[in-house]
Every structure is written in structure tokens, then in C-alpha cells.
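Trainee: Found this in TrEMBL, in case it helps:
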COMPBIAS  495-510  compositional bias 'Basic and acidic residues'
COMPBIAS  511-527  compositional bias 'Polar residues'
DOMAIN    559-618  domain 'CBS'
DOMAIN    630-696  domain 'CBS'
REGION    491-527  region 'Disordered'
TRANSMEM  74-93  transmembrane segment
TRANSMEM  256-273  transmembrane segment
TRANSMEM  294-312  transmembrane segment
TRANSMEM  332-357  transmembrane segment
TRANSMEM  377-396  transmembrane segment
TRANSMEM  402-424  transmembrane segment
TRANSMEM  445-467  transmembrane segment
TRANSMEM  692-711  transmembrane segment
Amino acid sequence: MAAATPALCAALRSPFSSRRLSPIRETTDAPSHFNLLPSPWLFPSVAAGGRLFPRSPAANQDDAGFDQPPSQELAIASACLVGVLTGISVVLFNNCVHSLRDFSWDGIPDRGASWLRDAPIGSVWPRVILVPTLGGLSVSVLNQLREAAAAEAEDSAVKAVLRPFLKAVAACVTLGTGNSLGPEGPSVEIGASIARGVNSVFNKSPRTGLSLVAAGSASGISSGFNAAVAGCFFAVESVLWPSSSDSSTSLPNSTSIVILSAVIASVVSEIGLGSEPAFKVPDYDFRSPGELPLYLLLGALCGLVSLALSRCTSSMTSAVDSLNKDAGIPKAVFPVMGGLTVGIIALVYPEVLYWGFENVDILLESRPFVKGLSADLLLQLVAVKIAATALCRASGLVGGYYAPSLFIGGAAGMAYGKFIGIALAQNPGIHLSILEVASPQAYGLVGMAATLAGVCQVPLTSVLLLFELTQDYRIVLPLLGAVGMSSWITSGQSKRQETRETKETRKRNSQEAVQSLTSSDDESSTNNLCEVESSLCIDDDSSIQTEELPRSIFVSEAMRTRFATVMMSTSLEEAITRMLIEKQSCAMIVDPDNLFLGLLTLSDILEFSKSRKEGSKETKEYFVNEICSMSGGGCKVPFTVTPDMDLLAAQTIMNKHDISHVPVVSGGSDSRRIHPVGVLDKECITVTRRYAYIYIHFCFFPLTRMISIFFSCPLTRMDAHAISKTLADQAAWKFCEENGIDLVTVLPSFLVGPNLPPDLCSTASDVLGLLKGETEKFQWHGQMGYVHIDDVARTHILVFEHEAAQGRYICSSNVVSIEELVSFLSARYPSLPIPKRKLDRPHYDFDTSKVKSLGLKFKSLEEMFDDCIASFVEQGYLSHVVLS
């Protein structure tokens, strides 16, 4: 018998030699055995799920994928449909934005917002302030409706349509009233939402779903900019490459779907919006290769500008969160405040208003009869546009970052070009015949791409977008240099900042919790500026629909069963220590009879400690009962849930009361005699619903034979133990692939044989319990595979010695149902009190042809249990056993 967890070995081949390295040994109290990172254990993977389908004739396949995606024809047809629907939707979205803008600014010249500079301030200031403010008010109402729809809509199909629709309407209002965001992010989300809907109707495959989401994203960009190539590269950079580590995603197949959808969406957009590009592009002017260092310097400048936008957005978001939590300002107020602030800024700098891409045309001086802006004014616009955009995003207004990034980059590039022109071309003291400086518009175009790449981390998309719009190959070299420099600066700084913030937050939280108890509950937030554009993960909880789940999910399946408990007399320091031990941010308050009294959270403790120590420097020990006696009913909970309550109902109540934790109690109808049995939080709900969603999509297929590639999917089994092994297995494969190491893994089923450790391991304990009739552990095993421990050892030797061995090898000798097993054991060992039961379990088989091809001959079921029982007798766990 193996040690406590069946050790799944791996043979490693050195990248520098044809000889295999010695297998890594795990150090335990048991005798040493070969062990690397634990691979999937077939026994819990199958038995714990217990939802396999009836046996049919075994398929003759080896290492074939278990996910059977829809045909390529259906995927292509779905991509075409996504392209058409996205193109139409983006056309309607843009027309709605322009119509609302025309209605809001009726009678105002259509030449960008710069007309306000020439208008008398006394006649326009009420409208300039009122329009963005009313837009913020409308968005606030729409956000509330969207949250209510998510919490209260009983029909998940209605919810799936209503939430994206309301968000698109909010984006339309945000942009139509001039607030400082852009339309490309909402366009991408429209395309992604359409792709999810099409996939749910026609395909119902996560693999195809990811490809269609990428196609929808590409369609959104290509129809928004009328730039199909840039749309394709955006989908590859933002969706497919981040998901390329998923072995179920085929990048080449997805790319063909993306290209087709993007082209169709671009054609539809061209029909609906015209063939003109999003903004008027001036003729690009490239004078000499000697300019290239100047473009690199521009790229560095744009990288710093991108970082400024990132930091400003993060600071604004933190400030809004602080005002909401500490000052108690409702979230509904912030969009109105954001619109009001944008209106006030626009009185001095009207270009911050969203006016389509006319404002970009004004920067580039590509429109006739438009006076250019001075270099110092352009720099001022960079600063105020960063502030206005960050404020709009943080306040809850809806829109993307592409248009603001292009504006900011264009302004920075134009200012840079004008300064360069003044410093070099117009300075008689400098004579550089080999350095001919291009016009400021050339630097403005490159600055747009460099800033977009820095802000949204899409360098290829940025290069291809500007190349596609200018249609001048001479821009490619300066673009690549500037974009590369900007991306390098922002990506490096972002990683360092994220690491530093994570360390500081952990250190601050631990110090506050254990030592001082006096700091505020402050969290560092890392803001993804292109969240609208890049939040395209198909297993987002908002996309999980109730009817797609196999059954109702109960609270008992999601709750945390490990939790901290405290009493009224417990000190706050001890309470925090218990929370840290259980890794929880709350603790159940109970009386000496374990009756539930209330819930204590870290937030309660921090708030209490602040109020007590603000006016006193005296050190004093505080207790739980002091928090519970605070005015306002500290530690009381508005409601509790029971284990048999529907999870969706519990989530709805939690959202309604805006709480993150709820106690799970049992004890009958007497509310005064309830006992805590668990804690339910939002993370539990999200993980459980995603778990069930992935299970139904990945596992409800006609399974006849377990094959080794089956374990490439980490969530095909409803068992956390199996998932942890699968994830560890995948980590080992990834590590070996990255470091050029040849890895072979062995996947045994339930191990039976001599008990090797001095103490009983888990599998031996299960077998011994079955033989003694003292346990029901085998009842949930149902039917599963069995293998002798000697066969597992021999398999490791074989895969170690065979140079051609590769991949994963399933090692399983027999597949036996529990009925067959107890019948066999009762007949072979009549003196043992083996329990009898009838369990109706589905059947399955294992394909072990791969390991048999190495020459392995499995031991029989009789040999497995003979050796196992003999070791039990020898070690004193069983007395003399009669063998029939």
C-alpha cells in the first residue's frame, strides 16, 4: 500500500544528455518512494464525481480529447453571425451616441469642442456644466437598475440580455453627454456579449466560446475604427494569448474565426457608418533615419504619460472607495460628481469633452479652418485630460480608454513635435544637415500609438492600427521604436508597483490586525485601465446562467466549514489570532453551549479600535462583548442562512443587504437555539457557481473510457483533492516545458497491496475498514479502478527505461464495482465481516493500452488483496484470515 497520498512518479530526462535523471524522492516518515509533484489520482477523480455515464463499447482511442467541440462549419457560421450582429450593434451604438450628442448640444457647431473657446462664456456655461452632470445622473440611475437586474431577475436569460444592454445604454449616455471616456471599450463588450449569446445558443462549448469571444472583441474594434487588421491583433493580444496556456484552446483555429468575424464586422460598419476612418489622418512625413532617436525619446515620454494615467486612475479609485466606506457617500452620487467636475473643467479646457474623434482632428490640425493649439496649451490638455478621464472612470461612468489614450498621446506627440521643431529646425545656432525634422503631426500620430500601447498593453494592436489608418509603410519603423519603448516602461513599472503594493498590503494588514488594532481598513487597489476592453473571460460569474447549471446548488455545497469561534469574554487580540489561524476575516460569536450569538469581523474590530483610541493614548485590553455593546448593534447580523437553502437565493439576499459574509446555522425553527455550522461569503459563491458551470460544460458528454488526456482539464471532477493534483501536474508539465526537461507521469487508480508505512495511510484505512465492516467509506467509492502497488513501481521503472516513453500513463489493472468487490472479498475471505450493500453506480473503463505497450502485465485483483491482507495480518491490524 502506498503512503498517505498515492505517490505519482515522474521520470525526467536531462536536456543535455540522453540518460534520464534520477526520480525525485519525497522525504516522509515512510520508506522512501519515487515522487514528484502529485499528478491526478484516478480514484478520487472518478469516484468523487460519481456522475459518469453508462458503459458502452470502449472506444478505440488513445489520448484523444474528451471535449467534443462543435463542427468547424458551425464555428465558422457562428463567427459570421457574431461579426454581422456586432457590426450592426456598433453602428446602432455610435448612431445613438451621435444622436444624443446632437440633442444635448443642439445648435452648436459640429467642429469639435474647441468652438467653446470662441463662444462667450456667459451664454454657454450653464449648458457646459449641466449636460455632463445630467449624463452622470442618468448613468447613476442606469447603474442602479443594472445592479437590481443582476440581483432580482429570476429569469437568467433576461438577466443575460438586460445587464449588457443597460451597460451599453449607460455608455451611450456617458459619451453622448460629453464625459471624458471613449466608445471602443463598450464596442468590445458589445461584441463579447453577442459572442457569449451566440455560443450559448448554438455551440455550448467553452473552447469555441473563447474563440467567439475573441471574434466578438475583434469585431468591436474593427467596426469602431474601421480597421479590421488592428481588430484581429487586439483579439489575439487581449484574449487568445492570455488564454493560450489552456490546452483546450487552439490558437490557429481561433485566429481563423477571429479574422472572419472582424472582416465581416468591418464591412457592416463601413456600410452603416461610411468608409472614412475614425479620425482624419494627416499625411505622414518621414524626413530622415536620423529622427529615429527622437521617436524613441517620444516613446519614453508616452510611457511616462501612460504611467501617470494609471497612477491617477488608481488614486481616484481609492479616493472614491474611501469616500464611500469612510464618509458613507452612496455610490450613486459619484457619477453625478464626475459629470459635474468634467463640466467645470470644460469651461476652461473644452477639449476634454468627448466629441467623437473631432477633438483628435483638432490636435492633429487635420481639419480645415481649425486653428492649431500651442505647445504649452497641448501640455495643459495632457494633464487635464488625464485627470478628467481618471475621474470619470473612478466615479462609475461607463466607457473605454482607447479614445482618451489616443487624445492624450496625440496631444503629447504634437507638443513634443513642436518643441523639437523650435529647438532644432528653427534654431539658427544648430546646423545638422543630416537631421531633418518632420512635422508635429508625424510625432502626434506616433505618440497616439505609443500612449495607447502603454495604457492598454496592446503594442501590436497600436502599431497595426496606426499603420492601417495612415496606409504608409514608412511609419512602421518609428512606430515600433516608440511603442516598444512605451510598453517596456509601463509593463516594468506596473509589475514592480503591483509587487510592492501586494507586499505592503500584506505587511500592513498583518501589523494592523495583530499589533496595533488602530489603523483603518484600507486596501490598495490595482486598477486595470483597459478593464472594459480586456475583461473578456468567458467564465465570469455574470455569464453563468442558472438554467445552464445541472441542478440547484445549496448553501451546504458552497459554505466554508472551517471557521473561527469566539465568546463574549474573548479578547480582541485572541479573536484576531483565531481568525488568522483559520485564514478568515470573521469569527462566530457563541455562548458556552455553542449557540450562535453574532458575527465578529475584522472591520468591526478596526472600527471599534479607532473609536476607542482616538481620544486616549492609554493601552488597554478590549474584549468581544465591548464591540457587541456598541451603539448601532455591533456584531449583529441582519439574517442567517441554513445549509439546505438555495445558493442563488442566499446570494440575492447578500447583494440586497450589501454584506460579504453570512453565518450558516442549523437548529430547527427556534431562532434562539441555533448553532453555527459554516460561513458563506462571496468568494465561496463565485467559486462554486463557476465550478458547477464548468462541470456541466466539460463533463456532460458520453464518456465510455477514461483516457490520459482527460486529466488535462483541471475542473472535470467535483473533488478538490483531484483538482489540486491536476493543477500540480499541469504546473510540473509547464515547468519542464519551459526548462527543456523531458517529463513522464504515471496516473494510478486506487492502490492496493502491502501497507508500506508503519502507520495506516488513507487508502489502507479505507480497505481495512471495509474488511472489518466498521466503516462506510467505500459506499461513496462506487465503481472504480484498482492497481497493485508493485505494478505502479514497475511502471515507473518501465517509463524510466524506455526512451520513447512520453506523456501520461494510466496505470490501472481492474475496474470493479463495489457490489462485485464485496462479492469477491466475501467469497475469498469468508472469515471477515465484509458489509453487504447494493449501490447503483454508472460504469466506466480505463484505457491502459499505452502503459501495456511498454510491456507491463498487471497483477490480478486476487494478488492485490492477498498481499494487502497479508500485510495487515503481519502488522497486527487483522487476525488470522481464512483464504478460500
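Note that Cβ sites are derived from N, Cα and C of the backbone, with glycine treated the same way.
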Trainee: Are the transmembrane segment (74-93) and the transmembrane segment (294-312) close enough that 3 or more Cβ pairs fall under 8 Å, when only pairs 6 or more apart in sequence count?
Mentor: no
Trainee: Which sequence positions outside the transmembrane segment (332-357), separated from its termini by at least 6 residues, show Cβ-Cβ distances below 8 Å to it?
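Mentor: Distant Cβ neighbours of the transmembrane segment (332-357) are 98, 101, 112-117, 121, 125, 128-137, 139-141, 143-144, 174-175, 177-182, 278-279, 320, 323-324, 363, 380-381, 384-385, 387-388, 391-392, 394-397, 399, 403, 406-407.
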Trainee: Sort the residues of the domain 'CBS' (559-618) into helix, strand and coil with DSSP and give the three counts.
Mentor: 23 helix, 16 strand, 21 coil
Trainee: Counting only residues 6 or more past its boundaries, what in the same chain has a CB within less than 8 Å of a CB in the transmembrane segment (377-396)?
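Mentor: For the transmembrane segment (377-396), the list is 136, 139-140, 143, 174, 179-181, 305, 308-309, 312-313, 315-317, 319-320, 331, 334-335, 337-339, 341-342, 345, 348-349, 351-352, 363, 404, 407-408, 411-412, 414-415, 418, 527, 529.
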